[in-house]
Amino acid sequence: MEVFYYMVFGVLAAVVAALELSKSNKDRINTSSAFNSFKNNYLIVYSLMMAGDWLQGPYVYYLYSTYGYGKGEIGQLFIAGFGSSMLFGTIVGSLADKQGRKRACVTYCITYILSCITKHSPQYKVLMLGRVLGGIATSLLFSAFESWLVAEHNKRGFDQQWLSLTFSKAIFLGNGLVAIVSGLFGNVLVDTLSLGPVAPFDAASCFLAIGMAIILSTWTENFGDPSENKDLLTQFRGAAVAIASDEKIALLGAIQSLFEGSMYTFVFLWTPALSPNDEEIPHGFIFATFMLSSMLGSSLASRLMARASLRVEGYMQIVFAVSAASLILPILTTFVVSPTKEKGGGISFAGSIQLLGFCTFESCVGIFWPSIMKMRSQYIPEEARSTIMNFFRIPLNIFVCVVLYNVDAFPITVMFGMCSIFLMVACILQRRLMVIAEKPKAGEWQMKERDTESEPLNI
């Protein structure tokens, strides 16, 4: 493997280590022992849940190809997963608010374990069922756990700022360290031990089962809307009204969809971008480098959110602008660097530049996750949190399905350009969200006016 990859990985690892070791008191949040126990319990569960998800990711496409399915059939399976998340996500989110978030988290474990079991069958219908179950599980993963955490945090009376600490640590561990270890562990199972491409899915089932046992034994139940007479349609209507009536919620949903849509598109595009002429690139090592970049971002986010004077809405504008610039690099390199026609070989100079840009984008992803979680905890009403969060995923899943269906219809530079434009729009909407969030409410204006009128004039 080329020295360049080791250099990038080594520099990122050194920066992450330096950031973590150099944290001063102003970069840390003073918390209680009760909160630390609560936080650590959640982080263990969240890390196990993410391990179950990360173990599967690198081997889904490979497993389907070993069963003899072509690119078109595999694409349909992926579309089924995102389509399932879009169709059933809002329903399971509403059920989580009504029936209980702990129960929804247990349902996630069971559903994902069943999805893993289907991978043992080469039958297309069984694999399709597995993708549908996986789509439902993904909706629960990105809504039920966060909803349970926010509700339980508030119920126990912990400081609101402490939420940012849990969010940043969860992303640092679950989307960074656990992702790297899971990728290496999966590689050992498949390549070193030669257990076959199904082995990571079996390992994922074990981690999910362990996490489910911890949830059942240590978590308490919490709900969204406690009303017993609200059916699903009423919950949907209430969530839609909340989004339509509060511009901050609508903006937050649009920002999330634009960024995550670009992020999931990037997942499909980075491999052909770095190896346009079938260059030999170490996919697993590059994936680990991306996850290390994400850890760098989450480490920066924890420092930023530890400062009460620094608003999330402010610095996220810069993050979106930087991410837009990083994804436009594949377009710029086509004009600046002369393309090569040689097949195979190592990564090209243009590919090296793009890799650095992609690492920058992944660092922005690491900042995005805890920051968007913090904003969701501030703006989304508790009674319909899971429902609204899954409403946000509807346009995202539609966008990803369209991209997957037309992935061969457009040049890769057009796709990156589209993502860059979406991220700049997200930057503009973030600016609008900050302006609205800074405006005092009508009641506050009236109170200020009354206070002004009652104050004596000092002459």
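Even glycines carry a Cβ here, placed using N, Cα and C.
Taken from TrEMBL as is:
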TRANSMEM  6-22  transmembrane segment
TRANSMEM  43-62  transmembrane segment
TRANSMEM  74-96  transmembrane segment
TRANSMEM  128-150  transmembrane segment
TRANSMEM  170-189  transmembrane segment
TRANSMEM  201-219  transmembrane segment
TRANSMEM  285-306  transmembrane segment
TRANSMEM  318-337  transmembrane segment
TRANSMEM  349-369  transmembrane segment
TRANSMEM  390-406  transmembrane segment
TRANSMEM  412-429  transmembrane segment
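The stretch in 6-22, 128-150, 318-337, 349-369, 412-429 that contributes the largest number of Cβ pairs under 8 Å to the transmembrane segment (285-306) is 349-369. Sequence-distant neighbours of the transmembrane segment (318-337) (same chain, 6+ residues past either end, Cβ-Cβ under 8 Å): 255, 259, 262, 266, 273, 348-350, 353-354, 357-358, 360-361, 364-365, 367-368, 371, 412-413, 416-417, 419-421, 423-424, 426-427, 430. It is 43-62 that, among the stretches 43-62, 170-189, 201-219, 349-369, 412-429, forms the most Cβ pairs under 8 Å with the transmembrane segment (128-150). Take the transmembrane segment (201-219) and the stretches 43-62, 170-189, 349-369, 412-429: counting Cβ pairs under 8 Å, 43-62 has the most. For the transmembrane segment (349-369), same-chain residues at least 6 beyond its ends with a Cβ under 8 Å from one of its own Cβ atoms are 4, 8, 12, 167, 171-172, 175-176, 259, 263, 266, 270, 273-276, 279, 281, 286, 289-291, 293-301, 304, 316, 319-320, 322-323, 326-327, 329-330, 333-334, 337, 339.
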